[in-house]
Structure formats: structure tokens, C-alpha cells
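Here's the structure we're looking at; comments come further down.
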Amino acid sequence: MLSILIIDDHPLVGDGIAMMIREVEYLRIEGMSKTAQEALDFLETHHPDIILLDISLPDMDGLELCSLIRKKNKQAKIIGLTSTNEAGIVTQFLANGANGYLLKNMEREELLQAIEEVRNDRIFLSKAANQKILEQYHSLREAMQNTPVLTRREKEILALLHNGYSGPGIAEKLFLSLHTVETHRKNLMQKLNANTTPQLLKVARDFKLV
Amino acid sequence: MSGRINFLSLVFALLFILPVNAQKINEDSLRKVIDSSVLDTVRVDAMLTLANYLLRHKQDEKAGLPLLNEAFSLASNAKLPNHLARYYLIYSNYLYMQNDWAGSIENLKKMQEVAKEIPDAAQREDAIMKSTNNLAGIHYFNGDFIGALEYHLKALEQVEQLPHNADSKATLYVNIASDYRLLNLYGKSYEYVSKITPMLSEMSDVLKVPYFYELFQSQINTGRGEEAFQTLQVIKNGFDTFDLNEGQMQDLRIQFHEQSGIYEMVITKNYQEALRQFELWNKASQEANADYSIVESSFNLGTALDSLHQYERAIPVLRQAYNQAIEFELAEFALKSAKLLAKIYSRVNQDSEGLKFATRAIHLNDSIISSEKLKELNFLEAKYQAKMKEEQIAKLNLLNAEKELEVVKRNRMILAISIGGSLGLILLGLFYRNAKQKQIIAEKDQKIQEDQIKFLERQQQVISLQSMINGQETERTRIAKDLHDGLGGLFSTIKMHFSTLQHEQPNLKTEPLFSKSYDMVNTASEEVRRIAHNMMPEVLIKMGLVQATRELCNSISAGKLLQVSLQPYGMEQRLSPSTEVMLFRILQELLNNIIKHSEATEAIIQFNREGNRLSVTVEDNGRGFSLAESDTKPHAGLSSVESRVNYLNGKISIDSQKEVGTTVMMDFLINE
């Protein structure tokens, strides 16, 4: 028998979940809390196996509550349960000690699957959240490439600097204001970790950017 | 008593700004000057003085107005700003006397404009101050004491920049004290009138009349009985020592008896003595034919008799006050007299008479309120008209300036070509170029002006945007939360129910209507999430700009048409929430534009933050546009981006090359 605590300030959601599992013999709703404080009080005296946790609570951020619960209770499996599907939120939930992530408009089967996975010490992410995490992973991998990606304007300016043009010269050639050129140059130096223009050109040559 | 408008100070305010000693002017000698003088300044001077004399002291419009107009055209032709300012002042005062508030305000505003051109600094400031003071006077007379106070304080500021002039300062202090008194701020009134005391020896005696009036009032109103008594003694001594003409001396006498009576009524409660003073006040008022004072003193006689319980004497006095008030259309005193009469009649058990006056009092009260409202309305109308005029004038000035510029340009060309013709083709070329350069310079000048206007508009825009955007974002956050928690939760729960139903009644799976409903609920719930997300992404609030932007890029890239990559540098620390939201909106808008218009396949968003410098670059490889083209076809998206960049006090530079792409770069100073 697995006991469940639902933490959500929306009473309907709790009822909906209760209804979904009413015919599942090994699941039992042990409690429902509408606020973080209620949940923390409840957890002083109860030890649910599964905690379904919403992100937006009236008195505390759900993410924060997740790490608070995890600090005190290493046993319970926490599943984030929200209506927003954003990679940053999903990963933060996991980082704060959650075991899974579900979207509120889940199917009954998805909920049962999630519970099954987390009780067996596996991480469960809803399909849509999985997709977001994957996108996130791709973009981060791209961003972590060694060679910085330059914008078109940066490439042009770098090439002109390489050919001995000065700031005003570049501004005139590219029909840009000097201020704009200078900002591009400062950005370039930050990206290539250079403090001076000669240094910038050296790094650029090392990376074969010019 | 405290509610009374200080006519003395108001009249004085007007006198003060009129040519000196207008009453003592010799008409004939002025006419001689006008006929014989060859100097414009002297002639205009004499014409203005005479016109003012005719209008103000002889009420002779037929002679005064044409003379005034003649002075105006002479002054305009000879470009004499000082005289023009005086013209506007006199004309404004004339309109003021005709109760034409809009006209009077309009002319005072014109006076302020023309005064700016007066070369002598002291004269210039003086004229500006006088016009401001008189603007205040108009508000004052119309019962808008707050408006009057604002203008008076402004005029005071102007006077303080001028070489010390006791009379100017004292006038403004008196007027300000009077404004405060009528706003029932007696402490303030006392404070301002007290500022005059050290300057007393430098002041002209004429000014002392209203000064002592306000001084006494403020002393009585702040319970300074001792001081008020001393003020009365000074006024009394003034009969022998002040240098005043007969009319002014009469005013002083009226004032003295009025205030002595009030002093006895309020401070000593010696009603017998009060009665005596009010009788003297009444007598002096009748000698001066001062209607307002006659009625007011009669009424006060009634109150003194009432306090002495001499009802049989009070009744005829008050009935007379009532009749006079009706005759002179002083509804305020008619009301007061009627009320007091009603009270006294009921006291002497003449109830039918009492009822009569009580009924009259009620009617009077209604009519006073409605006539006050009417007055207020008329004044509002007048202010509105003056404002409209100003706007029309501004428009006309702009048109004229544009026309002049055209003429100048054309003349230059004609000049260049005609000289060029005589000097040969080479020179022609040279001069043409010269003219062209001048034209360029002129255009540049115009450009600078345009830029200034744009700058002002920008400022205006920023201010209104700030409040609008702040409200907008708060509202969006609220709606997004409501959608998520309310509607979103509801749809999710419906779906949970369907899901359970489907599980418990497996045959429903074959029911098309059920499947369809299930799908629709699913779609609806997705839709709510999408809308709430666009409105205010949770991740933006909780995780910050970079993560929110990354997810925005990811979800666009997931659509496969456009790949957006994110390059954040130095963005480890979060910015202030409002800056983050604003920058996020800018990026949303720019990406929207790229998707809609650019046909780009790739885009980069880049953040560079070093210290308090933040630059945001958005670049695409789309078809680009020329900026000239966008002038004729304004990009709605870009203008809202620009407003938001302005809101963050940033700079935006958009450079676009056809068939190559567009780079938008924005930089900001972050102070946090």
C-alpha cells in the first residue's frame, strides 16, 4: 500500500487525482494540503510514500518547498505537478530533489506510470517535459562548444580590425555609428576573453575566426 | 468673514502693473506728445498710457480701443517687445473688466511670449512676473484659489530673481496670504503676510492698505488678539501719516471701522463698541458709495444687535441689509441676512415672518450654489478656450516656419544661379555647391529642431509608458496566474475525470462523441497553458531572463523554420524583475517580427554584460529592409520595441542590409 500527499491550493485538482486512483487498490490518499505550511505540519506527523507537489502555492514557491521537504525527508518520492511545461522549471524541480515531473492535464495511465517509476527509484518525466528537456540539452550543448559563435556583424568587424581598420574607419565602411561599432567590439572582446584589440586579433586567429 | 475676497489686494494687483499714477495724467499733454513726437518709443509710450487712462478711468472704449490698437501696430512694426508687453497687459486688463476671462488669459499668455524678447533682463523678468501675477488674479477672482496660489508662487519666484523691489514682493506676499486665507489655511496666510513686516519702511503707502487688511485678518484667524489690536492702532495712525489720495483714504477708513468692529465682536465681545464701529463703517461706506461694503456693514450691524439681544432694532436693520443685498445682487449677504432674520423672528415669536425668511434662505442657498457652479463652469470654459487658442497658435507658427524655410531655400537657389550666370559655368557650379551646403546646413538645423521635438516626445512617451507598462505587466502576471490556477486547473480536472471515466467504462472508447469531447478538452487545456505562458512565462519569474529566452529560442527552433541560438555572456547574475520582463518583451517582439516578415532561417540572440553595461544583439539572415522604406511603411513591431528600449533608457541601433539580414543592437546601463 502506497500513501499519497497532494499539495495543491486548487481543491478540484486533488479531487480529480483522488478519483483517478479510487479503483487502484495499492494507492491511498493520505492527505491534501492547500498551503506549504499545512504540508510541512502534516509531514511532521505523517510519512507519505508519494508527494504530488504543485509549483504555485499561496505561501511559498513549490520549488522551494521541494528542497525543504527533501532536506527533512529522504524517503518520500516527490513528483512535481504543475500546469506549466518549461524546461527550466522541470530541471530546477529535479535539482531540488524531486523524482519526477507531471503536467496536470495528464492521463490516468501517465499518473500510474509515474508513481510506478518513482517507487522503483527511477526518474519520471511526462512526455512533453521530456521533449523540453531534450531541446534544452541540445541548445546547451551547442552553447558549450569551444569556438564562440560570432554574429555576422561581429565577423565583419573582426575582419576589418584584422585588416588594420580603426573604429571610425569601420563605422564609415559599414555605415554604422561609432558607438555601435564600439559596442560590437566590446562584445567581441568579452566573447573571446580579450582585453585589448591586438589580443582580440590573436585569439581570433587561434580560433581561425579570421 | 474669513471667506471674503480681498478686493483691495486684487485691485491693487492690477493697479500695480499699470503705468504709474494713471489717475494724475494730463490728457492734453499726452495728445501733444502723440501728435508731435518723431520717436516711435515715445509715441507708443504716450499712446499706451492714454489708452489705458481712457479705458480704465474714463471707461471710454470708443476712444480708448482704437488708440490701443494703433499703439499695437506701431509697436509691432517697430518691433518693440517691451511696449507690446504693455499693450497686452492693458488689453488683458480691459477684457478682465469685461469679464472676458478667456480673452484676458489669452492676452496675458501672449504677453509672456513677447516678454521673452525684451532685451533688458530686469524689464523682461518684470513683465513676465506681472503677467503671471495677473493670471493668478483671474483665477483668484473666479474662486480658483489653488490655481491663483500656483501662479502667485510662480510670480514670487520670478520676482525674487529681480533686483530687490519691496513693492513687488509685498504685492505678491499680500496676494499669496489672501489665497491662503481663502483656502482656510490661516497659518500659511499669517506666515506670508508676516514676511512683509521687515520691508514696511520701503513700501509705498498705497500698498500698506491691503497689507494691513491681510495682516489683521490673519491675526484674527489665528487667534492673535493682542497683535490684531496693535495692527488696528497702526491703521488708525495711518489716517494722519500715510500719503494717500482721497479715495484711498476712504478705503482705509472703511477698513479700519470694519476690522475694529470685528475685533470687538470676536476678541473682546464688547458688542456695544462693535455696534458703534459697524455704524461708522456703514456711514463711511455710504459716503464712498461702496455697495458691497454698505451691505456687508448693514448685515454686521444686525449681527451686533442680535448679540446684544436688541431684536426689535435688529429686524429693520437686517431687512434693509436683505433688500440692499437683493438690489445689488449680493446673494451671499441676502442669504446671511435671511437666515439671521428667520432666527430672530422665531425668537420674538413671529413665526410666519420667520418662515418667510427661512424659505427665502433655502431658495437663495440653492441659487447661490447653482450660480457658483455656473461661474466655475464659465471659468473652466474660458480656460479651455485659452488652451485651444494656444494650440492653434502653435500650429500656425509651425506652418509659418515651414513656409519661411521653403522661401529661404528657394531664394538661395535663385541667388546662387543668378550670380553664377554672370560669372560663368565654373563659378556657377561653385556657388551652387555653396548654396547646396547652406541648404544642407539649414536642413541640419531643421533636423536638430526635429530631433529636439522628438526628444521631448520621447520623454513624454517614456513617462506615460512607464506607468502603462508597469500596470500592464502586473496585469499580465495576474491574468497568467488566474489562467494557470483557475481555468487551467479546471480543464486539467475535467480531463482527469474523462480519463477516469474512460478507464472505468471501456466501451466509451468506441463512442466517437466521447473521444471528440476528450480531445477538445485536451486542446483547450493546452491552449490555456500556451496563452498563460505567452502572457507571463513562469520560468521568467522564477529562473530569470536567460533561461526564459533560452526556452523561447528552443520552442521557436522546434518549429524547424527558424533556428534561434542564444549566446549569453556575463549573465550569471539576474537583473531586476521589471528589467527582465521588459527585455523579454523586446525579444519576443523582435523574434515575432523575424518570423513574420524576414523569411530568415537563422537568428542569434546575444547578451553581453560587463559591470553595468548590457548589450543585447538580435541578428537574422533574412531579406532585410532599407530604413528609408520603413519610413513610409512604419513597422508597428519596431516602434513598440523602441518605446520599450526608451523605457529602459537604452539605445537601439537597427542596421539592415537587403538580402543579407538585419542586426538590432540595444545597449543599456544597468544600475543595480
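Placed from the backbone N, Cα and C atoms, the Cβ positions cover glycine too.
Automatic, uncurated: that is what TrEMBL annotation is.
Per TrEMBL, the feature domain 'Response regulatory' maps to A:3-119.
If you look up TrEMBL, you'll see A:143-208 marked as domain 'HTH luxR-type'.
The feature 4-aspartylphosphate is assigned by TrEMBL to A:D54. In sequence order, A:I7, A:D8, A:D9, A:H10, A:V13, A:G62, A:L81, A:T82 constitute the residues six or more apart from A:D54 (4-aspartylphosphate) in its chain with CB-CB distances below 8 Å.
Here the domain 'HTH luxR-type' (A:143-208) returns a mean pLDDT of 90 for the predicted model. Secondary structure counts, DSSP: the domain 'HTH luxR-type' (A:143-208) has 44 helix, 0 strand, 22 coil. DSSP places the residues of the domain 'Response regulatory' (A:3-119) in helix, strand and coil in these numbers: 52 helix, 28 strand, 37 coil.
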